[in-house]
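Q: Starting off with a structure, shown below.
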Amino acid sequence: MEAADYELLSVREQLFHEKVRECIISTLLFATLYILCHIALTRFKKPAEFTTADDEDATVNKIALELCTFTLAVALGAVLLLPFSIISNEVLLSLSRNYYIQWLNGSLIHGLWNLVFLFSNLSLIFLMPFAYFFTESEGFAGSRKGVLARVYETVVMLMFLTLLVLGMVWVASAIVDNSKASMESLYDFWEYYLPYLYSCISFLGVLLLLVCTPLGLARMFSVTGKLLVKPRLLEDLEEQLHCSAFEEAALTRRICSETQLFPVGMVSVAWAGPVQDSGTAPSSLPSDPTSCWLPLDMELLHRQVLALQTQRVLLEKRRKASAWQRNLGYPLAMLCLLVLTGLSVLTVAIHILELLIDEAAMPRGMQGASLGQVSFSKLGSFGAVVQVVLIFYLMVSSVMGFYSSPLFWGLRPRWHDTAMTQIIGNCVCLLVLSSALPVFSRTLGLTRLDLLGDFGRFNWLGNFYIVFLYNAAFAGLTTLCLVKTFTAAVRAELIRAFGLDRLPLPVSGFPRASRKTQHQ
């Protein structure tokens, strides 16, 4: 063999080893995310659904749970995609000649972006609809019962759903671009149809982030105030403890009195006899209690007592907090939140000005991962760290705003009490939010890292008016939510300072709600 053939073989062998190394690293990263997501989902699932007497239902729920774990791992990978790329670029700039960093290269980063894009499409279009239909299926009428019959029904339903979505995408493509080339491009299922469908889903996710993130940024301050111990000037724990103890004692007396008067758990709600004094019980009980006596919801009263006891224990712990936690922890946490929120709004405002001046500020895709050549921040490594912190902060805020909105309030997972269909809905929503995070961050100018792979092929990213209006809407909504939150807090403190919260108010059916509003 000639020297050129030996050189060609060595190059091919080196490329082969690089691909194998990238596959091993990607597999290890995804396995780690999968294990973490599986541990998280097992903490929220309802154990009764996996230990039922019917083995078929338990098997179906286990399969659906594994599909949800895969989807949640993909969502977590999408969240870590942009920060990992930014940090890798700074590491390659600082340690470009280090032997132990040779595995970290642009090819690996580009491959991770493509894998996340592929698995996101797979989860949103196939796996999650399959998991939902699989849990709801019972098999066709007349067929033998079993897991296989459910699989057949699920596959048929998934085929009908695919046809429906395909038709909707064709209609949307005809509305946006009615040219013949645009319609024929959808015949290429892999190169055009899936990216176009994912572009529509990503656009919906970006719009959802636009609504949820400002709500979450405002909600972060109130949640932090509840978790941390405030200084004594801002809250009176002794008063809250006394109020909680009095309400608990009142509910306990009510439960005892009702139990003594009506051992069968009955309370009068409609008495057809003569009118008596409201403070006395009726002289005689009717012969048929079911005609004019309704059962008292004792379980609700017991739950209220347990909630008050739990709240009293938490208040006791807050009262025993040290002076450092009380006087230093709360101000520092609020200051950090204020600085991060201010930096986010300032970054978006600067990006709006850049959009008006420089065309290079528009988000665009990059097919080749040219990492390790220039920093993505003007402040170097420090600016890159700030970018990563802002991306994580906005993602946490968007999730908090998503679950705080009235539309998705019922989707919130509960500890060991979340149904399988609810877990599927949470995984789908989290995947939509997280897969739109790279596009969201680049559109707002939080980083200058161009979108890699198919993430940069979205058609609407090149529209100046959409990008500009999106930035302006985010800055305006965030400022409006923060101003409303702070003015409401100042108004509540002024009412409390003047003692107006102690004025006698009409008592509703649930007196606890009025006390909660006083102490928020």
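From the backbone N, Cα and C atoms, a Cβ is placed for every residue, glycine too.
According to TrEMBL, the protein carries these features:
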| type | residues | note |
| --- | --- | --- |
| TRANSMEM | 24-42 | transmembrane segment |
| TRANSMEM | 63-87 | transmembrane segment |
| TRANSMEM | 107-134 | transmembrane segment |
| TRANSMEM | 155-176 | transmembrane segment |
| TRANSMEM | 196-218 | transmembrane segment |
| TRANSMEM | 328-353 | transmembrane segment |
| TRANSMEM | 384-411 | transmembrane segment |
| TRANSMEM | 423-440 | transmembrane segment |
| TRANSMEM | 460-483 | transmembrane segment |
Q: Honestly, do the transmembrane segment (63-87) and the transmembrane segment (384-411) touch, with at least three Cβ pairs under 8 Å and pairs 6 or more apart in sequence?
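A: As far as Cβ distances go (cut-off 8 Å, pairs 6 or more apart), the transmembrane segment (63-87) and the transmembrane segment (384-411) touch.
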Q: I'd like to know if the transmembrane segment (107-134) touches the transmembrane segment (423-440) in this structure, counting it as a touch only when three or more C-beta pairs sit under 8 Å and are separated by 6 or more positions.
A: yes
Q: Sequence-remote contacts (6 or more beyond its ends) of the transmembrane segment (384-411), Cβ cut-off under 8 Å?
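A: Same-chain contacts beyond the flanks: 79, 82-83, 86-87, 89-90, 208-209, 211-220, 223, 340, 343-344, 347, 375-377, 422, 425-426, 429-430, 433-434, 437, 440-441, 446-447.
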Q: Take the transmembrane segment (328-353) and find every residue of the same chain, 6 or more past its ends, with a Cβ under 8 Å from one of its Cβ atoms.
A: 217, 220-221, 224-225, 228-231, 234, 361, 386, 389-390, 393-394, 444-446, 468, 471-472, 474-475, 478-479, 482
